[in-house]
Amino acid sequence: MLGSSGRRLLTTVLQAQRWPFQPSRNMRLVQFQAPHLAGPHLGLESGNGGGVIDLNAFEPTLPKTMVEFLEQGEATLSVVRRALATQLPVLPRSEVTFLAPVTRPDKVVCVGMNYADHCREQNVPVPKEPIIFSKFASAIVGPYDNIILPPESQEVDWEVELAVVIGKRGKYIKATDAMAHVAGFTVAHDVSARDWQMGRNGKQWLLGKTFDTFCPLGPALVTKDSVADPHNLKICCRVNGEVMQSSNTNQMVFKTEELITWVSQFVTLYPGDIILTGTPPGVGVFRKPPVFLKKGDEVQCEIEELGVIINKVV
């Protein structure tokens, strides 16, 4: 992965660039590091391309990880609202290293075949119920970290996805109550080794989905009240600047509420848990001929209102 100086340089470059989709300027929670700080801190991104407010400096009693922050519920969110309303020192973007907004969640739940247009590109019917698989939390990396090509795979592919971050514990959650259990949303890259997903390991998807670095997340956890409609967002993936995936989250077969209801039948959802909600068409494996990632490629995954993550393949 990029070292701290390399990631800080990348965030400086990003600050000078303009992206097609406008990120939300409201409550954008981040985990970050800086040379003068001991360990990760929680922060508040001050708008598109802006610096970071150190929430732990504003309120030293706040936890320093997102999972612990979410576990404390409304009490911690009220601190963030106070921080938003206060003129606070802002760390320049060039001085911070962005981490994944959530690290070490209890679980990462993934959904397959959940875009109608993705089903059409494969000429298969839309599923009648959600197709669930998982990634291990060890696959998570930050929004500007490297994706490491494993020597075990020759068919590593891209998938941009909307990720839902759970904010409240629940089991057997009703669809009408589901959004009360959501903290917010972020951008995910469901990197996939197709040879392991589709041809090996008994065609069980897990190993092909969970190599180290196969789940970049970020750049921020955008709280649900800062997103106008999570099911009407432009979603895009570019490889080396070329648009490979371009769709809208309105193509999702099962929306956030349905997914939470379905998954919570089987497992208890905890604060910090992540649900990757599926990918639109345009992945490499279904191109003719198939196209896969190679060393030196740069992948940009972007979702309207949420932002962009940029990961180099090494």
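Including glycine, each Cβ sits where the backbone N, Cα and C put it.
What Swiss-Prot records for Glu159, Glu161, Asp190 is Mg(2+) binding site, and it gives similarity to another entry as the kind of evidence. If you take the C-beta of Glu161 (Mg(2+) binding site) and look for same-chain residues 6 or more apart in sequence within under 8 angstroms, you find Val187, Ala188, His189, Asp190, Leu276, Thr277, Gly278, Thr279, Cys301.
As annotated by Swiss-Prot, transit peptide applies to 1-84, with the evidence given as sequence analysis.
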Residues near Glu159 (Mg(2+) binding site) in space but at least six apart in sequence (CB under 8 A): His189, Asp190, Val191, Ser192, Cys237, Gln245, Thr279, Val283
Collapsed DSSP category at Glu161 (Mg(2+) binding site): strand
Asp190 (Mg(2+) binding site) CB neighbourhood, other CB atoms within 10 A: 27
